[in-house]
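Comments concern the structure below.
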Amino acid sequence: MEMKQSRMLDRENEGGEKEKGEESSQENGRIMLAGGGVAEKGDPKVNSGGGSGGVSNGYPTSTAQSPKEGAGGVPAGASRTLVVQQTSLDRPRETWSKKMDFLLSVIGYAVDLGNVWRFPYICYQNGGGAFLLPYMLMAVFGGVPLFYMELALGQFHRSGCISIWKHICPIFKGIGFAICIIALYIAFYYNTIMAWALYYLLASFRPTLPWTTCSNPWNTVNCLRYLSTDSNVTWTNTSTSPAEEFYTRQVLQVHMSPGLHQLGSVSWQLALCLLFIFTIVYFSIWKGVKTSGKVVWVTATFPYLVLLVLLVRGATLPGAWRGVVFYLKPDWGKLLSTTVTSVPLPPSLGPGPTPTQIRSHSHSGNKLKISSSGTSAVYTGGAFVVKLFEEYATGPAVITVVFLEVIAVSWFYGTSRFCADVNMMLGFSPGLFWRVCWVAICPIFLLFIIVSFLAFPPEVKLFDYVYPPWTTVLGYCIGVSSFICVPAYMVYHLLTAKGTFKQVRATRGLGMGLSPSSPPSVPLPSPGY
């Protein structure tokens, strides 16, 4: 009896050690086979094709029999499915605490200065209501589908603008570097515009608004008020309003700089405003979505409140109906102008904030870190730098990068695979309209804008200063410096990849983000927050 009990205890100890060994191996993402081998996740050593073999959670099934099979263990010839949960060594990403935090963050990127400031004067310069036709066409068939695509990419892969391409098409990884460079350019001048607005805000607390009178130190003899009570005042072609002189001579101080070749001295008031803007940006994002999720409740809703106030105020001003008539009576001849091709895309496309924000959304997306490096155009001639970057560093460069992005996703990664990702994530697949836009309409629209810009480059002018020809070359160099990363990385990838071109194309280089030996995607739980 004692011998039998000791043998039974030895068997139980052996069984416990085997179970512990299996648990340890499962935690490392591998399976100990019956023959003593090891099967990694997606390892083709075990039958993972047809027959009785299958895949469960990315791991193959085995039909091999252990010594105990057929003797009270697993019946002989039966299939055994091993389900293993792989544990990631990466730190789990932060997610938005509420649905509304994420929604407001995306809305905050969808409405910015491009809508409040740039769109009205572009619409005014290009025929009023006539401009709304190409704008609506581009928004419906270009902007919205591209916005949808970037949202889905960021939410599914939950990666940054560079690392996401290892899942999509590694040879197009240069798009991620191009996006980073464009974001750097935007941070270089965009916050300067915020500094201008902050300066206006501070100046508005004076007892008398400085842009309503001509008695300030910066005013000239040409300063005249529209509503002056002096009957001897005559408005001429050289006359300027106090608001215009406050903007050009006090805020920008462009009269102290002859042009882009000589920017002048630093404007200390703009430098302080810019420092304050950088400080606000830093403390808004330094804790990731924990702080930005709270900040967006102000930054995303306040613009709509301001727009509502401006709408009510503008509609009650004398002569407001003239502006309404201007939009209702379009100049259709302006549609033939190539400048109409500068239809503004959603500002969140291309530079990466949308996929970056949504990757902090739970998978059904890490945190946004934007390092504003370099000093923006805070010199007295800084407005000339801002105009140059606005024309060349962001507009055509962003359109080119978005064009390459939609080509990489639709033609190389494939719309079928992309729609399958959306279906796996949300439970439904994008319809025919979205597929046609991604494959054909969006690339055609974007290519048309790029060709129009190259064939008929716009004349860059700010106030009375016409940019010399050498600034056009400089502008093209600034624009090319971003998307040149795409072909440069393609050459680097092909030179450093192992194997022939056909082997690279068949594995990870072109099209697929997964190698043939990689397991299929694991079904994911329903969307959560």
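Every residue, even glycine, has its Cβ placed from backbone N, Cα and C.
Unlike curated records, TrEMBL annotations are generated automatically.
The structure displayed is predicted, hence computed values, not measured ones.
TrEMBL lists 1-23 with the feature compositional bias 'Basic and acidic residues'. Sequence annotations record features per position, and here TrEMBL assigns region 'Disordered' to 1-77. Annotated transmembrane segment per TrEMBL: 102-120, 132-153, 174-202, 266-283, 295-315, 397-420, 432-453, 473-495, in sequence order. What TrEMBL lists as Na(+) binding site is G108, A110, V111, N115, S348. Residues annotated as disulfide bond in TrEMBL: C214-C223.
Spatially, the transmembrane segment (174-202) is not adjacent to the transmembrane segment (432-453); fewer than three Cβ-Cβ distances between them are under 8 Å for residues at least 6 apart in sequence. Across the fold, the C-alpha of G108 (Na(+) binding site) and the C-alpha of C214 (disulfide bond) stand 37 Å from each other. Non-local contacts of C214 (disulfide bond) by the CB criterion (under 8 A, 6+ apart in sequence, same chain) comprise C223, L224, R225, P242, E245.
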